[in-house]
Amino acid sequence: MVGKGAFLVGILLLLTQTTTVAELAMTDQLTEVQVAEIREAFSLFDTDGKGCITTADLGTVMASLGQNPTAAEIRDMVKEADADGNGTIDFPQFLSMMARTLETDAHEELKEAFAVFDKNGDGFISMVELRHILMNTGEKLTDEEMEEMMREADLGGDGKLNYEEFVKVMNAQ
């Protein structure tokens, strides 16, 4: 018998093979490790130790964190993060901006994952598609176990998952 959360485990197996922001897709706040990584990148460019970086350094700092914003995106971020317009961004401003950026990335990853799982493009993940997903992760489950997983995840009770149900299941950790 599949335990509670089995659907999530199956999907997570596949997501962790294909995305670097899978953790962020499961939570709406940054972990201590993520905050530490962001602080470390920030401090590399806070060369005078005053707790702020210049807006000119923003793109470089973000690139060191694996983000590749366009020049237009950086301009928008500067407008948002440098609220006082002094040309610098302090760590709390930067952390808040990075959390929003990473959350947006996580939502995009969920959309992409749903599209991959929705093989026929009808806007739903069916039992057949779920079976295909889990077979690709190497999971060997009985039909009964698959049905239990679908019942757990199918909040609407229609035998298939829409995007909203998929997101709720993925965020239910």
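Cβ atoms here come from the backbone N, Cα and C positions, even for glycine.
Over in TrEMBL, the protein carries these features:
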DOMAIN    33-68  domain 'EF-hand'
DOMAIN    69-104  domain 'EF-hand'
DOMAIN    105-140  domain 'EF-hand'
DOMAIN    141-173  domain 'EF-hand'
SIGNAL    1-22  signal peptide
Task: Tally of residues which DSSP labels helix, strand or coil - the domain 'EF-hand' (69-104) - done: 25 helix, 3 strand, 8 coil
- [ ] Let me know the model's mean pLDDT on the domain 'EF-hand' (69-104).
- [x] 80
